[in-house]
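First comes the structure, then the notes that go with it.
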Amino acid sequence: MISLPGPLVTNLLRFLFLGLSALAPPSRAQLQLHLPANRLQAVEGGEVVLPAWYTLHGEVSSSQPWEVPFVMWFFKQKEKEDQVLSYINGVTTSKPGVSLVYSMPSRNLSLRLEGLQEKDSGPYSCSVNVQDKQGKSRGHSIKTLELNVLVPPAPPSCRLQGVPHVGANVTLSCQSPRSKPAVQYQWDRQLPSFQTFFAPALDVIRGSLSLTNLSSSMAGVYVCKAHNEVGTAQCNVTLEVSTGPGAAVVAGAVVGTLVGLGLLAGLVLLYHRRGKALEEPANDIKEDAIAPRTLPWPKSSDTISKNGTLSSVTSARALRPPHGPPRPGALTPTPSLSSQALPSPRLPTTDGAHPQPISPIPGGVSSSGLSRMGAVPVMVPAQSQAGSLV
């Protein structure tokens, strides 16, 4: 066959058909075009024949030698009409996969379409104009039929949603990516024993099968069948029911344990830091005043009383004036024993003589010796010239 040259020729041929139809007188318009069906269905990938033929009123059914037919087939898709075949002056032109069933000239104008696709669905129009040898038109007619190309289901995909362990709920899903018309689904269990499922567990439109409260007896091979008017496709999934805890339960327990340990470690660390923060202010030493100097004093192994010494020191501090320099003439304190009588300090003389030194400690023990023996120094209050203690 000769391929169609383009839309320009299509328009010219259509104009020619209209012109020939206008030339035919009404009384001579005896041609009748026959299409037995208004709608046809075919399967994608196959072929279909669009039946069409014409008759002349008062003539035999077979074509006559004087008949000169002009035939054109059009396909309209998305508001655009396209010519798929034409037979004019003994020459046939067509698109790939399109042909006439019978050789021309013939009154049978049936059109064959091969290698069908879904996009070939739509209205097809057949137009015929018959002339005699003198070029006079014997009639013209045009009719249309609808072609619907069906698509069998594409192989579906089966999936298992959920964790199949005893007592759990799972869903088996099945989905076919392409079909025309829409498919319906059916789930069956093949092994170890055959079982067919129905609603409400089965959704025939969405292809889902809900299995609740799983048990070991529900394990097996499940087959999903996707079917429509022109075909069937299937897939399967194997369901194995676990009797132990599910993987999700184990994972949740592990994650919960790790989170608990992390929180416990955080609390311990926080408590430890708070304890250190409370200890640091307590250990700080604040120096408000300078401590008094401690004078060395002799020690005694048998005659020194520590309690009396501490009392003497306390009394001396209480009698000391809080402020001001020491008064003139005050005696310098010397270490002494609390168990012995203190000698009365002498008043300074007016003749300029130096005051007599304090008599040494009885017993012949020096102050250094007393210090080595563990004696505690005692502050002796000074006496003023008036005789009062300072």
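All positions are counted from 1 along the displayed chain.
Cβ coordinates are placed from backbone N, Cα and C, and glycine is handled just like the others.
Keep in mind it's a predicted model, so treat the numbers as computed, not measured.
Now, the feature entries from Swiss-Prot:
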type	residues	note
DOMAIN	153-242	domain 'Ig-like C2-type'
DISULFID	C174-C224	disulfide bond
TRANSMEM	249-269	transmembrane segment
TOPO_DOM	270-390	topological domain 'Cytoplasmic'
MOD_RES	S301	phosphoserine
MOD_RES	T332	phosphothreonine
COMPBIAS	333-342	compositional bias 'Polar residues'
MOD_RES	T334	phosphothreonine
MOD_RES	S336	phosphoserine
MOD_RES	S339	phosphoserine
MOD_RES	S344	phosphoserine
MOD_RES	S371	phosphoserine
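All protein chains shown were included, and the count of other CB atoms within 10 Å of the CB of C224 (disulfide bond) stands at 25. Note on the domain 'Ig-like C2-type' (153-242): its mean pLDDT in the predicted model is 94. Residue counts for the domain 'Ig-like C2-type' (153-242) under DSSP, helix first, then strand, then coil, are 3 helix, 48 strand, 39 coil.
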